[in-house]
Amino acid sequence: MPMLPTIEEESKLSWLRLIWRYRQQFQAMSAASAVFVASGMRLAWSIFDTPAGKLLNDYSTHNLMVSWFFGVAFGALLAAFFVQHVSKNIAYTSSGLLLLAAGIMSLTLPRHFNAACYSSFSVGAAYGLTQLQAAVTGGEVAHKSIRGMLLSCERVFLWLGVCVQLFYTRLWYKLEPLERGHSMHIDQMHGLILGCLGLAAVVLSLGHRLESPLLLLRQDRDMVDTLKQLHGNSQSGTELLRLREDCRQLHNARNWELFAQQASPESGCQRFLRRLVPLFKLLLLRGFVALAMSLEFNRAFLLVSWHGLECDMNCLYWLACCGFVGSVGGALLVDWQGRRKLCSLSLFVAGILIVMIGGVFEHLESAKKTYDDINLQAIALLMLLFELIVAGGVAVPAFVYTGEAFGVTDKARYFAVILICEQLLQSGLIAAAFLHSLRDSVFFFTLGGLSFAFGLLVFMLMPETRHLTLYECLLKFNKVP
């Protein structure tokens with residue numbers, strides 16, 4: 001009688017074979033991926049590409065940028081009330097319709113600033129809805145050997161959308177003769193693509209109806225058929241039984257009091273503070289990612305790359321490529337090398353790079369030299385390397401940790417808190433960049449200090465959750481003996 005495959009044998013499978021084996025789990029994220037691509041395009045359109053100067057009745061450029069972040073916060077707040085209670089297709093279909101509405105506004109009113117703000121808000125709301133739903137559903141449907149890769153789809157497809165927007169904008173202005181004119185405004189093309197992606201998200205959400213086994217268990221519905229489809233019909237009865245028991249174990253541990261009984265009972269305040277520790281750690285980690293990819297960093301890179309790389313238009317597409325390549329690399333490494341090792345090592349290396357960059361900016365500021373007086377090509381390349389490392393080694397593990405850190409009843413609410421705080425931080429950074437003059441050296445040295453501090457925090461205080469079930473991840477985060 002042949003032996004059943006062991007966990008060790010499964011971990012030796014190549015990435016492509018793992019993706020093929022659990023293709024139903026990746027297909028369950030297809031609608032979310034379409035929304036992420038559209039969100040990345042809008043993010044690039046409003047922040048990287050800065051089209052506000054080309055719009056009519058342009059009152060304040062940063063309002064266009066802030067509207068996207070406010071939309072994300074609104075979508076996350078809205079999703080916190082119904083995610084984990086209804087079908088995932090509610091969030092995905094709603095997000096697709098919001099993208100469709102945003103595309104119509106961009107298509108019909110391509111040069112009106114108010115329409116652009118409402119459109120950005122709609123896309124942001126779609127992104128907030130989908131990101132929260134995908135983090136919850138993705139962690140629950142994924143096999144423990146590919147959970148990190150599956151959750152990393154958010155970062156990969158978001159950066160893919162940024163790359164698509166920047167490259168087609170570059171090609172539009174590069175290849176089209178100026179004297180010929182355009183039959184379609186470039187922002188109308190952007191709206192058309194948004195609408196198509198929204199329609200694709202609706203179709204994909206209706207086509208892939210597999211739900212989270214935990215949602216089915218919570219609704220007292222049978223989950224055996226869903227487990228068979230998600231993990232492949234070739235799974236043995238013993239393996240399916242183990243998967244079902246893993247789901248029941250996590251579901252039964254939905255309240256901290258059910259599994260955190262200790263010899264000396266804690267007070268209510270102590271239990272509350274204990275439950276907030278994972279939230280606080282993830283807030284710090286995600287906040288660093290937001291700071292490292294903020295408008296202030298993009299502006300500094302744009303200035304350095306203009307003199308160092310001598311791009312004909314701008315070099316932001318190189319920054320987007322590094323974000324995309326880094327996210328793909330992080331998705332492939334997060335289940336192989338683990339979350340904690342990848343994240344802590346990346347933070348230490350990124351800290352060294354950013355301190356070097358800050359030193360150059362301080363030299364330029366103190367010596368009162370212009371950017372033409374020094375060759376900035378090496379600094380631009382260091383900033384690209386920093387972006388690649390943060391996108392793959394910090395942002396990806398941070399998002400994966402978010403999908404693993406909380407229990408069944410708390411996950412949606414806590415993730416909404418993290419997402420809202422992240423958007424408020426981004427909005428504050430944009431306001432500071434527009435309303436106050438911040439020295440680049442101070443920004444980079446602050447970023448370097450935080451990078452070293454958070455590297456120690458991850459190394460000492462964050463658990464390693466590679467190839468663990470969600471229940472085991474929950475125990476590790478809450479330090480249950």
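Note: Cβ is positioned from N, Cα and C throughout, glycine not excepted.
As written in TrEMBL, here are the features:
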TRANSMEM  65-83  transmembrane segment
TRANSMEM  90-109  transmembrane segment
TRANSMEM  148-168  transmembrane segment
TRANSMEM  188-207  transmembrane segment
TRANSMEM  283-304  transmembrane segment
TRANSMEM  316-335  transmembrane segment
TRANSMEM  342-361  transmembrane segment
TRANSMEM  381-402  transmembrane segment
TRANSMEM  414-436  transmembrane segment
TRANSMEM  442-462  transmembrane segment
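Looking at 65-83, 148-168, 188-207, the range that has the most CB pairs within less than 8 A of the transmembrane segment (316-335) turns out to be 148-168. Of the Cβ pairs linking the transmembrane segment (65-83) with the transmembrane segment (381-402) and spaced 6 or more residues apart, fewer than 3 are under 8 Å, so the two regions do not touch. Residues 285, 288, 292, 300, 330, 333-334, 374, 376, 379, 382-383, 385-386, 389-390, 392-394, 396-398, 439-441, 443-445, 447-449, 451-452, 454-456, 458-459, 462 of the same chain lie 6+ residues outside the transmembrane segment (342-361) yet bring a C-beta within less than 8 angstroms of a C-beta in it. Counting residues 6+ beyond its ends, the transmembrane segment (283-304) has Cβ neighbours under 8 Å at 47-48, 65, 314-316, 319, 323, 343, 347, 350, 361, 371, 376, 379-380, 383-384, 386-387, 390-391, 394-395, 398, 401-402, 417-418, 421-422, 425-426, 429-430, 432-433, 438, 440, 443-444, 447, 450-451, 454, 457-458, 462 in the same chain. With Cβ pairs under 8 Å as the measure, the transmembrane segment (381-402) is packed most heavily against 148-168, out of 148-168, 188-207, 442-462.
Long-range contacts of the transmembrane segment (148-168) within the same chain, counting only residues at least 6 positions beyond its ends with a Cβ under 8 Å from a Cβ of the stretch, are 15, 18-19, 22, 25-26, 29, 32-33, 36-45, 48-49, 131, 134-135, 138-139, 141-142, 189-190, 193, 316-317, 320-321, 323-324, 326-328, 330-332, 334-335, 339, 391, 395-397, 399-400, 403, 466.
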